[in-house]
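Database features (Swiss-Prot):
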| type | residues | note |
| --- | --- | --- |
| BINDING | Q39, Y40, R41, D42, K43, N71, T110, K140 | 4-amino-2-methyl-5-(diphosphooxymethyl)pyrimidine binding site |
| BINDING | D72, D91 | Mg(2+) binding site |
Amino acid sequence: MPHNKHTVYAITDATLMPTTASLCHRVELALRSGVTWLQYRDKSSNTSKRSEQAQALKALCQTYNAKLIINDDTALAKQVGADGVHLGQTDGCIVSARELLGPQAIIGSTCHASLELAERALAQGSSYVAFGRFFASNTKPNAAPAQLSLLAHAQQKFTCPIVAIGGITPSNGAQLLHAGATTLAVCHSLFADDNVEYRAKCLLGLTPNAEDALVTS
């Protein structure tokens, strides 16, 4: 994730895109608009479906020169040749994921609102740390809130990419960039809207020194 310009990190949602066709269609719209990081997130137990979809997304990401990260499944990331895996606090061991995926793999860690969790994750080999939720979230409505000041502290403390997640829209994303986030992770705001391309471009066009984009959330 580059530090000179923020990254939009798109996260899929199996409820919003229940079929492989709908998933690939909306993801391709986002990638075509300039999104370069994608996380495949499907918590279902349907392993054949998840394998099929992950392989399809890997092909799309290769076409658009984007990174594919698998949520919570190191084995699936290895199987499809994904660029890495994202692990929650109860999703698996960072050290084991690094051993399986290799030194070049991207490993992300959910750290909620805790600098201590982030410090521990980085010590274990995480590539980036994710904080949030910062706003009301449709994907995880019961997640504990995080304060904007957390991002400034993280930016001062860590040199890795700082990912903000939770309720991010084109109308509030600039606040997070100004506070210290390098990466905006978005799910519902991007993929629940019919005009995925427009939403992606609005998110990509945010700047930390500008007023929030004047678009509806």
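Cβ coordinates are placed from backbone N, Cα and C, and glycine is handled just like the others.
As the structure is a computational prediction, the values presented were derived from the model and not from experiment.
When the Cα positions of Q39, Y40, R41, D42, K43, N71, T110, K140 are compared pair by pair, the longest gap among these 4-amino-2-methyl-5-(diphosphooxymethyl)pyrimidine-binding residues is 16 Å. Of the recorded residues, K140 (4-amino-2-methyl-5-(diphosphooxymethyl)pyrimidine binding site) and D72 (Mg(2+) binding site) place their C-alpha atoms 16 Å from one another.
Across the structure, D72 (Mg(2+) binding site) and Y40 (4-amino-2-methyl-5-(diphosphooxymethyl)pyrimidine binding site) are spaced 9 Å apart at their Cα atoms. The candidate set comprises the binding-site residues D72, D91. Of these, D72 has the most other Cβ atoms within 10 Å.
Each of the binding-site residues N71, T110 was scored by the number of other CB atoms within 10 A of its CB, and the lowest score belongs to N71. For R41 (4-amino-2-methyl-5-(diphosphooxymethyl)pyrimidine binding site), the Cβ neighbour count at a 10 Å cut-off comes to 17, with all displayed protein chains included. For the pair formed by Y40 (4-amino-2-methyl-5-(diphosphooxymethyl)pyrimidine binding site) and D91 (Mg(2+) binding site), distance between Cα atoms is given as 15 Å, rounded to the nearest Å.
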